[in-house]
Amino acid sequence: MELVEIREGLARVLVPKAERIYDAPVFYNPVMALNRDISVLAVKALSPRRVLDALSATGIRGLRYSLETSAEEVWMNDINEDAFRLILKNLELNFGSKPVLANGRAELGLPEKRLVVNLGDANKLMSENFRYFDFIDLDPFGSPVEFLDSALRSVRRRGFLGLTATDTGVLCGAYRRACRRKYLAEPIRGELCHEAGLRILIGTIVRYAAKYDLGVEVLLAYYRDHYFRVFLRLRSGAKKADESVELLGYLWQDETGKFKYERDFLPGKRGAYGPMWLGPLKNQAFLEELVRLTKTSEESISHRKTFQFLSLLVEELDVPFHYDTHALARKNGLEVVKISRVIETLHSLGFEATRTHFSPTSIKTNAPFDVVLRSMRK
């Protein structure tokens, strides 16, 4: 395996040299640098003591947690032997010492940190460490669903989860049967698919967590490029679980682009999409702390758009779903107008309205559908 050295954040990382990332014997995706930037900022903000990077590949995520955060104990795991050996090389490259190896596990003891690298199945590792970790990061190829039960048992009752889902085609309705099978939910196609897909993912996590009398607080959830990313704080107790379940519900949309959603355990009429999460997609204080950290932790920002993206999320109105102005124009026989003009008109009418990260042609607003259409006619 031919290797090249790259730098991301404070980490120096050996990664496989390959024409295409999917051809490499150990997976490394440079596009996910922004994902890793935000994850490092999140761990900095939350200050967990024990962190698990359950699906490590090159180890770049776990290495950055080790180098850039205050976590006292960082575990990295992969089932691939090539990945395991590569993580050991990367540990030595960054810390100057060889980890002690025994029985498929390596450990590196530093003055203020304990670093552990495990060779094995992620579900097995999490099952063997019941309520041990304060923060578990799941960054799989595809869906995180197969790891949810183990992660929810392995994380502490008031711990944190960071999850990535790259099966956007499934969650966005291109593979409807797969979404029903994996997420037990009906997906929607069209301009709302990315937000609805993200909310289906969160809704699934809520249902899994509720089995263990765990509630869910969404600290941050977003869509970007080819993936969804969610940061959650778990809340212990049946009452907290019930409160989270009560924020699940369904979405309807007609041919004009008008949508309706309602929080309920069962859909009130036919044609529903879901179940899905209808609660907040961000904790404003948490998100503002991430933005603050980008200004004081420049070494942790490797992607040029991290600050810009987080700033957009801070300003975004946190209401369910959005209106795509191009789709509304097409469906209602209107001319496309500038988003800035629509937002200004809605503000002048006394409504809130912002851009959204889900689409460059969409707005989030608390204005009724008819008012949004009128604002596009002026």
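Keep in mind that glycine also has a Cβ here, set from the backbone N, Cα and C atoms.
According to Swiss-Prot, the domain 'Trm1 methyltransferase' annotation covers 4-376. What Swiss-Prot lists as S-adenosyl-L-methionine binding site is Arg36, Arg61, Asp78, Asp121, Ala122, and the listing cites sequence analysis.
Locations of recorded Swiss-Prot features on the structure.
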| residue | record | DSSP class |
| --- | --- | --- |
| Arg36 | S-adenosyl-L-methionine binding site | helix |
| Arg61 | S-adenosyl-L-methionine binding site | helix |
| Asp78 | S-adenosyl-L-methionine binding site | strand |
| Asp121 | S-adenosyl-L-methionine binding site | coil |
For S-adenosyl-L-methionine: widest Cα to Cα gap among Arg36, Arg61, Asp78, Asp121, Ala122 in Å: 22
Cβ packing number for Arg61 (S-adenosyl-L-methionine binding site), 10 Å threshold: 27
Whole-number mean of pLDDT values that fall within the domain 'Trm1 methyltransferase' (4-376): 96
Which same-chain residues, if any, lie at least 6 apart from Asp78 (S-adenosyl-L-methionine binding site) yet have Cβ under 8 Å of it: Leu55, Ser56, Ala57, Gly59, Phe84, Ile87, Leu119
Local Cβ density at Ala122 (S-adenosyl-L-methionine binding site) - other Cβ atoms counted within 10 Å: 24
Nonlocal residues around Asp121 (S-adenosyl-L-methionine binding site), in sequence order (Cβ under 8 Å, 6 or more apart): Ile79
Arg36 (S-adenosyl-L-methionine binding site): tally of other CB atoms within 10 A of its CB: 25
